[in-house]
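According to TrEMBL:
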type	residues	note
REPEAT	137-169	repeat 'ANK'
REPEAT	207-234	repeat 'ANK'
REPEAT	347-379	repeat 'ANK'
REPEAT	413-440	repeat 'ANK'
REPEAT	447-481	repeat 'ANK'
REPEAT	482-514	repeat 'ANK'
REPEAT	546-579	repeat 'ANK'
Amino acid sequence: MELNPLHVAAKTSDVEHCRRLVEDEGADVGAVSGNLDATAMHCAALNTLNGKQIVEYLTSLGLKADLKDSEGQEPIHYAVRARNFEVAKKLLKIKSGDGAEEGKNNLLHYFVKENNFEFVKIVHESDRKLIKEKGECGKTAFHLAAQHSDLEVCRWLAGNGVNFNVRDDEKCTAMHYAALRESDHREFVRCFTGPGTGALMYTLSKGKMSPLHYAFQHGRRDMAEELIDRGADLRAMIIDLTNVMHFCVKINDLDAVKMLHAKDKFLIFEKGKRGRTVMHHAAMHADLQMIQWLDKNDISLTDRDVFSYRASVLHFVAFNRRSRPELEQIVKYFVQGEVDVNGLTGNGCTPLHFAIKEKNSVVAEELVKHGADLELELKDLNFLLYCAQQDFLFGAKLVHKNNPRLITGRDPTGRTALHIAAEFSDLEFCKWLVAEDADLVNALTNKGSNALHLAAKNKKHGGEIVRFLISLHVPVNGRTKFQLVPLHFALQHGNMDAAHELVSLGADLTTKVGNLLHFCAWKNSLEGAKFVHLNNPALIKERGVGGKNALHIAVEFANAKLLCEWLVSQGVNPQERTDKGETALDLAAKRRDKDVRHYLESLGLKKRGILTRLLSKNERS
């Protein structure tokens, strides 16, 4: 089949000729022709004079640069075979896309990834500097070959000046990526751990992983065994994983653990810096089969993490995310192994506290089933209050089912479960509490806060909880013993979502503790100040106790340059004096805040001299 006119023009002519054929004569851009069913893009790849411009034009019409002919060849292959490298580079850029990490690859990288040895050699012959360049994620051609190419390509690169020990952005060498190749893992290790290959086998990645870790992580035990036989470090540490066996326990690879145990009988007994044993890691990550094997090999079930938590395996199983049946079996196995279901850590946590904090409903349920003591408290919080603090509704329902009395509990500050849930949990939790005990709605803390005051601090769910509580007639302008309303709490904590809801539902913007804008200045809440000013601009002109304006208060209590700048920009007069005759700069000098002081000095303010202070004092007396 002959080439159609557009294909002939793309191959031999220029972009204007192609444009006329498409736009004036209606040529089909997507048509294929010739013996190989090539596209116009394939033909443009052969055009050494005008190929780049034609490729750009065809791309603008939507023709893809990665379409294959009947033999599976793309336009980039046509360009390289024709030694038309500028067009090949253009096609590579189009294929990679804007901003893509692969866009950093050169032509050599591309064909190494494709495992196309013929084209690797053609490209290298055209530009021998490419072999030294880095591409995607800082990888060299050797990194890419280790993962994607045959050993023949790897050996050829090694013989043509590639640097074995270059590390990519993750600080990995090519040996790390050999674990990701499909075959020849053992052979790769044999080829590149001999004399002259440097420290490929021992280099650690940014995450402190060695090639041996990578081999186990990707299930390449043949590679791992070869690395070990050639001297790989079995005690390379990753944070608290003190050796490679700990790592294999974490990834739950029992066969790897057995292999390592056969290589070194001491690995299994070693502890990490935090005192964690292989059994602790198994409790966090592994299945029952791993735990039973470790138990049979004399690893204690009752050892504690001596460094930090003094936690047992029942504490650590809270981190385990295996299936429900597996977790049920693991908890039961530990309890039958005489691990204390109510054992305390150094800071007073039981295993159930860990399960609640990690929101592990299966482990929490099993611990209660096996005798967890629900009367225990942590930092004066009973278990239901603790569930409210951790936003774990399942745990709260579980605790309530087994000990209904706890829902009426309070902490030493007088907070109920609803107070705590309003501050830390979501709407669903609050609704459940009210449904179980309606008396919680009107309860006050020791300082007189209702649940609405606490909800105003909740940035994630405060808005919807505010609406819910006000619908239950919790007073929107209710005051604490210190005369603070919920809006004060929202402004102090920068919770503008809750502040909007409170104002829309009747919160009083003229409420007095000073005024609301002075309160925001006192609490260093710039967002709160902006919100108040937007809703009540008159407040910024008011003076408070001692004749202080908002700027005086911000300078005296907040030490916040941005807040001071904003107040001045909104019309607060920096020249105003307090009833004592003090300027904002005088107050800043007392606080020794250089940033605020320098800002005020830049406005032309000066500290009062001795005479001015004496005159001011006499006037007051």
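Heads up, the Cβ atoms here are built off N, Cα and C, so glycines get one too.
Per-residue pLDDT, averaged over the repeat 'ANK' (413-440), rounds to 98.
Cβ atoms under 8 Å from those of the repeat 'ANK' (413-440) belong to residues 381, 384-385, 388-391, 393, 396-397, 400, 407, 446-447, 449, 451-452, 454-455, 457-458, 460-461, 464-465, 468-469, 472 of the same chain, restricted to positions at least 6 beyond its ends. The helix, strand and coil residue counts that DSSP assigns across the repeat 'ANK' (137-169) are 18 helix, 0 strand, 15 coil.
The DSSP breakdown of the repeat 'ANK' (207-234) into helical (H, G, I), extended (E, B) and coil residues amounts to 16 helix, 0 strand, 12 coil. The repeat 'ANK' (413-440): residue composition by secondary structure is 21 helix, 0 strand, 7 coil, according to DSSP.
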